[in-house]
Amino acid sequence: MSSDNHKIAVLGAGKIGEAILGGLLRAGRAPADLLVTVRRAERAEALRERHGVEAVTNAEAAKTADTLILAVKPQDMGTLLDELSPHTPADRLVISAAAGITTAFVESRLTEGIPVVRVMPNTPALVDEAMSVISGGRHATEAHLAHAEEIFDAVGKTLRIPEAQQDAATALSGSGPAYFYYLVEAMTDAGILLGLPRDKAHDLIVQAAIGASVMLRDSGEHPVKLREAVTSPGGTTISAIRELENHGVRAALIAAIEAARDRSRSLTPPSGD
């Protein structure tokens, strides 16, 4: 699927939608080949000023663009699809980037045969460090999946998985950054309790998180090995780990991610609704 003169429309240019838009522009897409749809005129003007892209109606996007990226909230997806359906030809590629929305649900609201790809990015797309998890629907070919990867590679990394694993990936990766922010918040509070100024505690934790992430990514070592490397007999780290285990932090994290998976499953209405 050639990118030459291939128009892409981002429907719902909120934080994730604008991140995708910005990534495509940084990857060399011409503003003339990109469209956005938004609800408010002032938002459309802001996107035009920042990125040089044209804001159109949802119907115009469906008629004009070759690829439609649906970046709306899950509860708004049904209404959007009903609006798009009369205007979306069978040769369009539709990419859903809404949590919990299955390809079957999207397919059921559009003309039979339209290829649908499900993608779950995360907010590090704003800094081109996203992980976008990709699954194809019934009519999506290898070319469609490769095109979706090309789009989302512009804002980070991509990973293909069976759609049956998408809710788990949403819980782990889509929501994942929030868990790290929560941990940083708690650790910063601990630093304050121990007498450090908030800004100093924050800087210490953020750099520790960055360093640990780079080591995880680049070393190829299992996280247990990396943790053991800083866990000396009778030392400070093992004392902290004991308290984490005593308070069930590992079990709480597993339960929290399982709850997020269950919530993702519940976001999709039945295909016939």
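One-based numbering along the chain as shown.
In case you wondered, yes, glycine gets a Cβ from its N, Cα and C as well.
Annotated features in TrEMBL:
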DOMAIN    7-100  domain 'Pyrroline-5-carboxylate reductase catalytic N-terminal'
BINDING   N58  NADPH binding site
BINDING   A71, V72, K73, P74  NADP(+) binding site
DOMAIN    163-267  domain 'Pyrroline-5-carboxylate reductase dimerisation'
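Recorded features from TrEMBL, shown on the structure.
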residue : record               : Cβ contacts under 8 Å, 6 or more apart
N58     : NADPH binding site   : L11, T37, L80, E83, L84, H87
A71     : NADP(+) binding site : V10, L11, G12, A13, G14, I16, G17, I20, A97, A98
V72     : NADP(+) binding site : L11, G12, G14, L80, A98
K73     : NADP(+) binding site : G12, A98
P74     : NADP(+) binding site : A98, A99, G100, I101, L267, T268
